[in-house]
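Enquirer: Next up is a structure, given as structure tokens.
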Amino acid sequence: MVKAVAVIRGDSKVSGTVTFEQANENTPTTISWNITGHDANAERGFHVHQFGDNTNGCTSAGPHFNPFGKTHGAPEDDERHVGDLGNFKTDAEGNAVGSKQDKLVKLIGAESVLGRTLVVHAGTDDLGRGGNEESKKTGNAGPRPACGVIGIAA
């Protein structure tokens, strides 16, 4: 079992943790999140981005992690970036707790997300269905108020 964590923080009140667990290279990865300080009663996009570089804040993380050269999509779509995790829902206080399994996100192997950045966005991910060019790149999820590098967890 490989475990990883991203400690989320940035130039906003958004903070928290996103954890990853994968039993072996052929099993889905369980992704769990506990994020606070976001907009109340909202859906907000989150993605694994290409680089683990946060020297210029979350903008240094680059585009979505996309080793297979696909366009942006929903986590359940065949046509999607590896880093496309969709949206999480916040409660009346702006907090979000949840988990999901993902068959493309890996901690083991050549396409591992270890050392890359998990970015929490300011807007809702349109899952590549926005009808414009940016939708197929970013899901129109907006600015990057918080992020964290995905590192090996104890």
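Using N, Cα and C of the backbone, Cβ positions are placed for all residues, glycine too.
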Enquirer: Given that Swiss-Prot annotates His47, His49, His121 as binding Cu cation, state which candidate in His64, His72 belongs to that site as well.
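Expert: The candidate from His64, His72 that Swiss-Prot ties to Cu cation along with His47, His49, His121 is His64.
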Enquirer: Of these binding-site residues, His49, His64, which scores lowest on Cβ atoms within 10 Å?
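Expert: Comparing Cβ neighbours within 10 Å for the binding-site residues His49, His64, His64 has the fewest.
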Enquirer: So of Cys58, Cys147, which of the disulfide-bonded residues has the fewest other Cβ atoms within 10 Å around its own Cβ?
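Expert: Least crowded of the disulfide-bonded residues Cys58, Cys147, by Cβ count within 10 Å, is Cys58.
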Enquirer: Near His47 (Cu cation binding site), which residues of its own chain have a C-beta under 8 A away, given they sit six or more steps off in sequence?
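Expert: When sequence neighbours closer than 6 are ignored, His47 (Cu cation binding site) has His64, Phe65, His81, Gly83, Asp84, Leu85, Leu118, Val119, His121, Asp125, Gly139, Ala141 within Cβ distance under 8 Å.
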Enquirer: Looking only at DSSP and grouping its letters into three states, which state does His121 (Cu cation binding site) belong to?
Expert: coil
